[in-house]
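Undergrad: There's a structure below that I have some questions on.
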Amino acid sequence: MLGVCYYPEHWDEARWETDARRMVELGIRFVRIGEFAWSRLEPARGQFAFEWLDRAMDILARAGLKIVLGTPTATPPKWLVDECPDIIPYDKDGKPRGFGSRRHYTFSSETWWKESKRIVEIVAERYGNHQGLVGWQTDNEYGCHDTIISWGPEDLKAFKRWLRMRYQSPDQLNEAWGSVFWSMELTSFDDVALPNLTVTEPNPATRLDFWRFHSDQVAAYDKMQCDIIRKHSPDRWITHNFMGFILDFDHFKVGDNLDLASWDSYPIGFVEKFPFSEAERNRWAETSHPDIAPFHHDLYRAVGNGRFWVMEQQPGPVNWAPWNPVPKPGMVRLWTWEAIAHGAEVVSYFRWRQATFAQEQMHAGLNLAGLDELSPGGLEAQRVAQELASLGVLPDTRKARVALVFDYQSYWTTVIQPQGKDFRYEELCFRWYEAARRLGLDIDFVRPGASLEGYDLVLVPCMTEVDEAAHAALKAATGTILIGARTGSRDRNFRIPDNLPPGSLSEMTGHRVIQVSTLRPGLSDPVSGAVAGNGIRWREYLQTDAEVLSTFANGDPALTKKGSVHYLACWPDEKLLAAAVRHVATKADIPIVEVPDHIRIRTRGDLSFAFNYGDSPWSIPADCEMVLGEAILAPQELSVFRLKP
Ligand code: GAL
């Protein structure tokens, strides 16, 4: 179940044989290669140099490794950029982004599509049936370095095309966007401009369409690569390596192209990226917050329709966050097992050996910089391999009892019109997830509109547009439902619904929202009743015929219930959120195991896993059979056990 990312082109060919042998000795079975190698595969247009990759793949395959090959499109070479400057992306200020790192292309460029098709076709044809090849990775990390949205001439051209298809006539576009406001009406699709460089805020409906347009392009671009690969490489699977906390495109739509999802897990790096408080950052600096990686494991299990890998696992300090501490001893092993507990089929470390040159010299590998000598992270990977071997085949992941509906468009909508500066969709979902995990619950992510049947509890932190499919799925849900603020607050054209929020959901929830107040940091509105705590950041004023379970200070409804549908009319602080999630989980009859903030548990089939991200020990529930580890869970340790029936 272990893999590694390897760059044969970074090392003298004389070392490849030894590298492959040492990988296998370590317990590694999968190796991902090739995703940045374009300049070595095609040094000049039409001049191909495949022999080195042939030899590398043969060596890896002979050693018994299964190969995952990346298409090299994340790094168009210099000659191509010079020849085709129209592939270059533009930043929001309208400045071109240059050659000299990676991801310097825009999804909008027709030239780029042509060039991508060409190289993918050539690589897929050559290696599609290689005996060592088991799967493909398309490109590398769509969205990394802020590269989904581009603001150049090619983007404008493609955006106009997309708008023509969607709206058919300028009148319909004006109507959808509400262009009569501020005299923004257009008489032809040629009048459309990019929604940047405006004097003040551009039209939010235009911005949302611009986001949707880019998101659609990513999915279509990925599908183009998948179609070519499938033609030349039958019986091999295809994945893409997604990222943490990148929400600029709808990952579910890209997932539809793939056989399985994968993602790149850098638990400590993400502590700096996520809007934690400074106190939390310091607390989790060397272990990561216990929900950062699991949140994504569960998300990508859904994106991959039940199947996911970790394609890149942090093996030690990384190089790209503002600060890059060494993980506490044991954490590389713990993260690997945590991924497995959440159903990962393979955990693949980034990278085999620390580089001694270029941008990522300070990024750890399984081997020390330049050497054939395992790093501390490499030694932990070795231990995991031995433990995995002793456990044999692991049971499959089961459907969880709790569903969390996750919606990329709600992120776009709330970024475009935050109303309160600190309304951050990903943070909200993360906190809801955290609250459920603190109750020991397993969670499945579900895309809007997908079936919610069979879930005992459905959490909807926020879904700004509830389209017909999402509405139908919620209506058909048989479990207890908890819906958060802002849900149903916009229609597909970014308008307030005719009957006020929550629009089409009003029958189910029994309320309408007549006012919204956003609260500065430090301000709050106390909530009391069946659940208590504080509303912070966002607070709604409801008129409701539902039962009122909790109220704000002035007696207004804060938590309501109609049938099994609960509605929480604010951004809850930690206490209120914990109480609300506990309340609905109890209503749903789901057994709860409250865990301290540094402990998490998770099941895979009949196996239970416990993880300790903190400094104090924790006792595993008494009546169980230990499979791995100890009944007293020490800091940075994990245990695997079976609950006795
Ligand atoms: C990922 C990327 C890798 C490498 C790694 C370093 O985002 O896919 O190529 O840059 O980060 O942590």
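Cβ atoms here come from the backbone N, Cα and C positions, even for glycine.
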Undergrad: In TrEMBL, Asn140, Trp320 are given as binding substrate, so which of Arg102, Arg281, Arg283, Arg353 is in that site too?
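TA: Record check against TrEMBL: substrate site with Asn140, Trp320, extra candidate from Arg102, Arg281, Arg283, Arg353 is Arg102.
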Undergrad: Cβ within 8 Å of the substrate site centroid (Arg102, Asn140, Trp320 excluded): which residues?
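TA: Other same-chain residues near the substrate site: Ala74, Ser101, Arg103, Glu141, Cys144, His145.
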Undergrad: State the count of C-beta atoms found within 10 angstroms of the C-beta of Asn140 (substrate binding site), not counting that atom itself.
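TA: Total other Cβ atoms inside 10 Å, all chains included: 23.
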Undergrad: For Glu141, Glu312, listed as active-site residues, tell me which one has the smallest number of other Cβ atoms within 10 Å.
TA: Glu141
Undergrad: Quick one: give me the count of other CB atoms within 10 A of the CB of Arg102 (substrate binding site).
TA: 17
Undergrad: Return the count of C-beta atoms lying within 10 angstroms of the C-beta of Trp320 (substrate binding site), excluding that atom itself.
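TA: Other Cβ atoms within 10 Å of Trp320 (substrate binding site): 15.
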Undergrad: List those of the recorded positions Arg102, Asn140, Glu141 whose Cβ lies under 6 Å from any atom of ligand 1, in sequence order, or write none if there are none.
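TA: Cβ under 6 Å from ligand 1: Asn140, Glu141.
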Undergrad: Taking the domain 'Beta-galactosidase trimerisation' (400-590) alone, what is its mean pLDDT?
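TA: The answer is 98, the mean pLDDT of the model over that range.
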